[in-house]
Amino acid sequence: MDARDRILDAKKIVVKVGTTTLTHESGKLNLNRIEKLARVLSDLNNSGKQFILVSSGAIGVGVNRLNLDRADMTLPERQASASVGQAILMKIYQKLFGEYNQTVSQILLTKDIMDNLEGKQNAENTMNTLLELGIIPIVNENDTISTFEIQFGDNDTLSATVASLVDADLLILLSDIDGLFTADPRKDPDAKIISVVEEVTREVESLASGSGSEFGTGGMITKLTAAKICGKEGIDTIIANGEDPSIIYNILDGEEIGTLFLSR
Ligand SMILES: Nc1ncnc2c1ncn2[C@@H]1O[C@H](COP(=O)(O)OP(=O)(O)O)[C@@H](O)[C@H]1O
Ligand SMILES: N[C@@H](CCC(=O)OP(=O)(O)O)C(=O)O
């Protein structure tokens, strides 16, 4: 089956949204965008697709609520912010998905779940049961118990872990950028988008750099790591711009959008 047919057939889909997609530049929630995301995922769920939403944003939203000094925050303050922000995020998700009678749930994970046989099995069972019940699980890192991930971690690789865990058909990484470019377009105005990547080689990796935003972590580097993890598991990955969440319809209709990383 070629990649286009695989995408058209995809049933179990992991969608990751980054901080920059969920918030305005002020750091406050972009309610219009989250509302659209909730509508699109609920509608596609009604059509028979299954979704897991991996959502960042907890730290950014929490910092905003607590009025902390963004430039000078301790690690525990970032953790405290994530704890406050996660609750705010879930309240909004409950409300907006609720408008479409779509039940959502919360799952907080750390990537080392893959190293714990029992924990991995429990997470897999829970997620697959939620999907069978028609629920959209909303996943984030558990920033309270893992400080490593706040400093170096990111939800890109977490979303690849989740996709592997549930044996997803497709991973969609929605970001503030159209896809992988030949260089960071914020720094190089001549950078061109790459529409298909057959393999994440060192040469491909050398095109990517870190995040341009204040609360995002990882940038393009960790998106490539995610694509690499999924590729090995036979899962295709697409990076696309989350500015208008209805792009998910276009992606699932097989349109050439963003950057498609082919699985092996
Ligand atoms: N080669 C590249 N192509 C596209 N974006 C890149 C590249 N290298 C670095 N970036 C940066 O990665 C950013 C996306 O990552 P990030 O800020 O972590 O977003 P998100 O919050 O969606 O995870 C882009 O806005 C861009 O500045
Ligand atoms: N758990 C953190 C994740 C931070 C993060 O990875 O951000 P992003 O690079 O925007 O996906 C949060 O919710 O703020």
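Note: Cβ is positioned from N, Cα and C throughout, glycine not excepted.
Nobody curates TrEMBL annotations by hand; they come from automatic prediction.
Going through Asn45, Asn67, Asn155 against TrEMBL, the one listed in the substrate site together with Ser56, Asp143 turns out to be Asn155. In this structure, the binding-site residues Ser56, Asn155, Thr222 were compared by how many other Cβ atoms lie within 10 Å of their Cβ, and the smallest count belongs to Thr222. Secondary structure at Lys16 (ATP binding site), as computed by DSSP, is strand. Neighbours of Asp143 (substrate binding site), defined as other CB atoms within 10 A of its CB across all chains, total 24.
Taken in sequence order, the binding-site residues Asp143, Asn155, Asp176 that lie near ligand 2, meaning a CB under 6 Å from one of its atoms, are Asp143, Asn155.
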